[in-house]
Amino acid sequence: MPSPIVFDTAPEHVAYALLGCFIIFFGLVSLFVKEKLFISEAFVSTAFGIIIGPYAIGIFDPMSWSKFDTVTQEFTRIVIAVQVMAAGVSLPRSYMVKEKRSLFMMIVPLMILMWLTSALLIWGMIPNLDFVESMVLAACVTPTDPVLSNSVVKGRFAEKHVPPRIRYLLSAESGINDGMGLPFLFLGLYLMRERTIGTAVAKWFYMIWAYQIVLSIVLGGLIGAAARKAVKGAKNRNLIDKESFLVFSIALALAVAGCVSILASDDLLACFIAGNVFAWDDWFSNEIAEAHIQETIDMLLNLACFVYIGASIPFANFHDMALELSVWRLIVLAILILMLRRLPFVMALKRFIPALASYREAAFAGWFGPIGVGAVFFSKVTASMTNPSNLGDNPHNIERLLRVRSVVYPVVMFLVLSSVLIHGVTVPLLHLQYKYTRTWSRKREESSHVVTRLPHINIGDEIVLRPPTISGSSVGGLMEGDAEQGPLIRGHCWDTMGLDLQDRI
């Protein structure tokens, strides 16, 4: 007898099938979901990931993989690298110079305030964490997410309701601050890992600021400028075909991320700088404006990433007495962080941010600082830096490092889930608010037009009214043929805000 067929249900095969089917079925209704319901693809993808994940159907469980931390860190690294490259390419000509004051305020003082506020809230709500440990967790959720920010910088809602200067500001900020999150993260880590504060601060300056931040900016600028000259020369000499030209920025993101990572520098910041310098004169952006290849690749990566994130949410750890975590504490923490981490400070700094023309725009920009893929990436960087195998012999503060390692992922993932949920429904709610506001305004305008058609009455003029008399058995309305002319009602218009009618029958 022939041997029976044995199905190969390897996890990777299941992942391919589920992801492909989801993209197919979501694609069939994507226009309706995104342009009619205004629900972001990240929201839908995360929900699908939760459904197929280990706490629902249970057919896709990335957390069971032996190298889950490494896979998650590198997958999110690539997604962010492509996104920040896209953010840099999408900015208008010389934007970084023209809006340097606004960007400085959104990056330096605002990020510091967001970091310290988040640290205070985490310190107050999560038991058994000191302030330095809370600083590490806060650094993970300080950067705004370039993927979730797309819901208000791209699409029909953004084009109709969000001014371009706000869209560009949020896009540039989300592109820069993912790379600028490393100094905040490593300050707390070095304070725990090093034996003296002086050693920690010195290492923070020369390893993070000098080697990672400054070097990545220099490398990103040089690579971006060289890439711009190379692709222009190839295009002018007819050496590059259309397909290679269209995917050039994607390949550039991968190349920069890989090369700078090999040098152990800040690859995310280098990707943004390279993308911005590469498209500095708008030539490349104008050339690919009608192709939409960048948006296509972005969509595929974003869908895959948030399905993965949804399936990787550790619901069991949200109420874990061993970690001293409870659901109510995390809910309160999420509400406080989403309300206080960013919004009050953008409102307070509005007068120093020229790109924000009103407090309404400041409130909008302050609210849309979502927590997403970048937070997941930094949580896995933290897990790597606190891994006992990476600490060497006789590590300092081993208990504190292990405590941070155990609690960082569940706390960060709960905040990511909260941000995806809240920011995912904000745009539909704003759309409804705009819709009903316009409807109400239109009705008022129509009513005012009716009033303007009435004859003008001067004070002291005699008024003559002839009300109809109602006959017939119908009650509640006038039937045809029922109206007859009634007696005259005469009166005068006085200074009081009404009519003082003296009936004369």
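Keep in mind that glycine also has a Cβ here, set from the backbone N, Cα and C atoms.
Just so you know, TrEMBL annotations never went through curation; they're auto-generated.
Feature list (source: TrEMBL):
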type     : residues : note
TRANSMEM : 14-33    : transmembrane segment
DOMAIN   : 26-429   : domain 'Cation/H+ exchanger transmembrane'
TRANSMEM : 42-60    : transmembrane segment
TRANSMEM : 75-91    : transmembrane segment
TRANSMEM : 103-126  : transmembrane segment
TRANSMEM : 174-192  : transmembrane segment
TRANSMEM : 204-226  : transmembrane segment
TRANSMEM : 246-279  : transmembrane segment
TRANSMEM : 300-319  : transmembrane segment
TRANSMEM : 325-343  : transmembrane segment
TRANSMEM : 364-387  : transmembrane segment
TRANSMEM : 407-434  : transmembrane segment
For the transmembrane segment (204-226), which stretch among 14-33, 103-126, 174-192, 300-319 has the most Cβ pairs under 8 A? 174-192
Remote residues contacting the transmembrane segment (14-33) - C-beta distance under 8 A, at least 6 residues beyond either end: 39, 41, 44-45, 48, 52, 59-60, 300, 303-304, 307
Counting only pairs at least 6 apart in sequence, do the transmembrane segment (325-343) and the transmembrane segment (42-60) share 3+ Cβ pairs under 8 Å? no
Please figure out which one of 75-91, 103-126, 246-279, 300-319 racks up the most CB pairs under 8 Å against the transmembrane segment (364-387). 75-91
Six or more residues out from either end of the transmembrane segment (174-192), which same-chain residues have a Cβ under 8 Å from its Cβ atoms? 80, 83-84, 87-88, 103, 106-107, 111, 115, 132-133, 135-136, 138-140, 142-146, 149, 200-201, 203-204, 207-209, 212-213, 216, 266, 268-272, 275-276, 374, 377-378, 381-382, 385-386, 396-397, 400-401, 404
When you look at the transmembrane segment (75-91) alongside the transmembrane segment (246-279), do they share 3+ Cβ pairs under 8 Å, ignoring any pair fewer than 6 residues apart in sequence? yes
Pairs of Cβ atoms less than 8 Å apart decide it: which stretch in 42-60, 75-91, 407-434 has the most with the transmembrane segment (300-319)? 42-60
